[in-house]
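*Asks:* Below you will find the structure I want to go over with you.
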C-alpha cells in the first residue's frame, strides 16, 4: 500500500511560497564591490603614512634644538643694565655715617642745629615722656553682682587715695625745695657782706687798734640777725601741711520726681560714681559722699565734669 505524506499536504500554500522566496533573495544578494575595498585600503595607507611622517618630523626638530643648545653653552645673554649699587660701592668713601631715619629724611642733627620749632617739639616730647602715665578708672558694668561692684568702687577709692597721696608728697617736696633755696640765699647774703666789712677794718688796723673789735662785733651780729629771718620762714611750713578735714557733699541734681533721680543715679553708677538719693521737703537730691577734704571734693567734681555731668556742685556736709 502506498504511503502518503499527510503532513506536507496539511501545510498551507502561502508558507511554501514564503520559503522559496527567502531562498531566492539570499542567492540574489550582491557581494562587496572591489571599488569599496580599494578605497578603504587607500585611506588606511594614507593614515599610516601620515602618522609615520609626523613622528619622523618631530625627531628632526628635537635634534636641531639640541644642537642649538649645545652651541649656546646654556647661558642667557648678559643684562645690559648696570646696577646702581655697583656705582655706589665704587664711589663709597671710608668712614662711619650717622644713622638716618626714613621719616626724618637726613642725618641726625645736634640740638644746636635744630630750628626753634624743632626744639620746641623736642622739649614737648621730653615733657610728655616725663609725665606719669594716667590711670584709667574702672567702670562697673550692669552684669556685675553687688559684691563685684563694691570691689570695683573700693579699688577706685584706693586709686584716688594713692593719687592724692602722691600729689601731696610732690607738693611737700616742692615746698621743701623752695624753702631750702630760700635758706641758702639768706645764708649766702651775710657771708658776702662779711669780707666787704673786713677790708676797712684791716685798713684801719695800723692806725687805730681800738676800732678792730667793733668791726668783728658788727660782722658777727649780722649772721645772728639773719637767724630769726630763717626761723620766721619756717613758720609757713606747718600751715602749708595742714589739710582740710571737713566733709563735703557733691550734689548732681534735685528733682521733684523720684524716677528722674533714679535715672541720674543709674547714670552715675554706670560711670563709676557711688551716689545716693536723699529726700527733703519733697525734693529728691542725688548726692555723692560725704567726701573728706576740699581737695578730694574738687577732684570728684573734675571727674564728673569729664564724664559729662557739668551741673554738679560742692556742698558742705551739714548744709
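All positions are counted from 1 along the displayed chain.
Including glycine, each Cβ sits where the backbone N, Cα and C put it.
What you are looking at is a predicted structure, and each value in this text was computed from that prediction instead of being measured.
Found this in Swiss-Prot, in case it helps:
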- 1-30: region 'Disordered' (REGION)
- 1-33: topological domain 'Cytoplasmic' (TOPO_DOM)
- 15-27: compositional bias 'Basic residues' (COMPBIAS)
- 34-54: transmembrane segment (TRANSMEM)
- 55-319: topological domain 'Periplasmic' (TOPO_DOM)
- 60-79: region 'Disordered' (REGION)
- 89-113: region 'Disordered' (REGION)
- 115-150: region '2 X 6 AA repeats' (REGION)
- 115-120: repeat '1-1' (REPEAT)
- 140-245: region 'Disordered' (REGION)
- 143-171: compositional bias 'Low complexity' (COMPBIAS)
- 197-223: region '2 X 4 AA repeats' (REGION)
- 220-223: repeat '2-2' (REPEAT)
- 222-238: compositional bias 'Low complexity' (COMPBIAS)
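Describe the structural context of each listed feature in the structure shown, including burial, neighbouring residues and relevant distances.
*Replies:* Here the topological domain 'Cytoplasmic' (1-33) has a mean pLDDT of 58 out of 100.
Proximity of distant same-chain residues to the transmembrane segment (34-54), defined by a Cβ-Cβ separation under 8 Å and at least 6 residues beyond the stretch ends, is recorded for none.
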*Asks:* Could you put numbers on the helix, strand and coil content of the repeat '1-1' (115-120), residue by residue per DSSP?
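*Replies:* Grouping H, G, I as helix and E, B as strand yields 5 helix, 0 strand, 1 coil.
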